[in-house]
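Q: From TrEMBL, here are the annotated features:
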- 4-102: domain 'OmpR/PhoB-type' (DOMAIN)
- 4-102: DNA-binding region (DNA_BIND)
- 167-190: transmembrane segment (TRANSMEM)
- 211-327: domain 'Response regulatory' (DOMAIN)
- ASP260: 4-aspartylphosphate (MOD_RES)
Amino acid sequence: MRSLMYTRFDEFSINTKTFELMIGRELVQLDERVFLLFSLLIEHYPTHCSKQECLEYIWPDTVVSDMSLAKLVSDTRKLFKLAGCEVPIIQTIHGRGYRLSKELGQQLGSQGSQLEQLNPVISEPSLQLKESDTHEETTVQGELASWLNDDKTIILFGSLQLKRRNVIAVSLIFIFAAISVFSHLSPSWFTSSIHHSKELVYSQSPAAIGRILWVDDNPDNNIKERAALREHDIGVYITTSTEEALLLLSIYGYEMVISDMGRGEDPIAGLKLLRQIRESGGKIPYIIYTINDTQELNDEVRRSGGQGVAVDSENLHKLVMYHFQNK
């Protein structure tokens, strides 16, 4: 049984321990239960995972019906498709349970084969040497230790007379040593690279004070505004359509919605989304962020249950922070 926490497929990568999903270069927000489901499916592949196993693992110490599991699987498929993942992800085994799709399973099997091919090289404890090679191996190890202490790399590799069977082992040792020395001599670069990768992965601070769903079909227009909110420990999640927004709001918890006014060919899409949320009983604070503000628009937003209209980053920031500081 596999115990992989991080798994990379052609279409996406998933970490079932830290609950992170990357599709393309975008971090996609998913419910924790989706990651638990994937963990089971990956571990059990190529066999299926029974419904009972899924229920006990995903909802421990909780009485839930098969319908809850079926809805989780259905919502997961929809969210992956909306995020741009076209490949099937979960196969239903009727009457029994669920299994990772054949397409993903083949990629998982390919990863396993590559690991098996690498294991003999990585885990080989020592080379089988003829008696005449023993002295030479001792010389290599001694000189390598001297190189690590004295940095005499030119002398070491100029003086070694390596046999073909020793090349792989010494090359691996050299690569490891080179990485160690490089990271020691260049700590600032090494550390900044780690921090940079973290910035790409995490969508909100671990100490986030709240979460915002930002609806805009041109999200690149609001990069600076979103960055400013994240600096105040507010998690910001992006979606580009009314349909996706309604689906996300039905599954996850947010403290606020920020929406543009017009999307696609609909000049009042933001106002329509507000009305749909209120008609369904949703009371989440709602702000429209647009370049054109009129008294009529403000009045209509208020009548529809919205909290206001912002036309620039300063006004938007005031409206958002007022909510989070007074909630």
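Every residue number used here counts from 1 along the chain in the order it is shown.
Every residue gets a Cβ built from N, Cα and C, even glycine.
Could you place these features in context, so I can see how deep they sit and what lies close by?
A: Taken residue by residue, the domain 'OmpR/PhoB-type' (4-102) breaks down under DSSP into 39 helix, 24 strand, 36 coil.
Around the Cβ of ASP260 (4-aspartylphosphate), a 10 Å sphere holds 21 further Cβ atoms from the protein chains shown.
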Q: Summarise the model confidence on the domain 'Response regulatory' (211-327) as a single mean pLDDT, whole number.
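A: Average per-residue pLDDT within the domain 'Response regulatory' (211-327): 92.
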